[in-house]
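To start, the structure itself, in structure tokens.
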Amino acid sequence: MKKGIHPNYSEVTVTCSCGNVIKTHSTVGRDLNLDVCGECHPFYTGKQRDVASGGRVDRFNKRFSVPGAKK
């Protein structure tokens, strides 16, 4: 490997907003702050909530539905 062309690879501390601290190595050169990590992300914790906001079809059906009509 050539000398002087590679970035410095140092240990950094990654801190999540939930308080989880991860020590890793990176070329960033400074400590990082995360909003979400594997300890608090809803997908990994199993605390997901189903977002059923509806789409364009649901909005159309709601707007133009006839009250009392059969479905």
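Each residue, glycine too, has its Cβ placed from N, Cα and C.
Taken from Swiss-Prot, the feature Zn(2+) binding site covers Cys16, Cys18, Cys37, Cys40.
Within the same chain, residues at least six positions away from Cys16 (Zn(2+) binding site) with a Cβ under 8 Å of its Cβ are Ile22, Asn33, Leu34, Asp35, Val36, Cys37, Glu39, Cys40. Counted within 10 Å of its Cβ, the other Cβ atoms near Cys40 (Zn(2+) binding site) come to 16, all protein chains included. The Cβ centroid of Cys16, Cys18, Cys37, Cys40 marks the Zn(2+) site; residues of that chain outside this set whose Cβ lies within 8 Å of it are Ser17, Gly19, Asn20, Leu34, Val36, Gly38, Glu39, His41, given in sequence order.
Look at the binding-site residues Cys18, Cys37 and count other Cβ atoms within 10 Å of each Cβ; Cys18 has the fewest.
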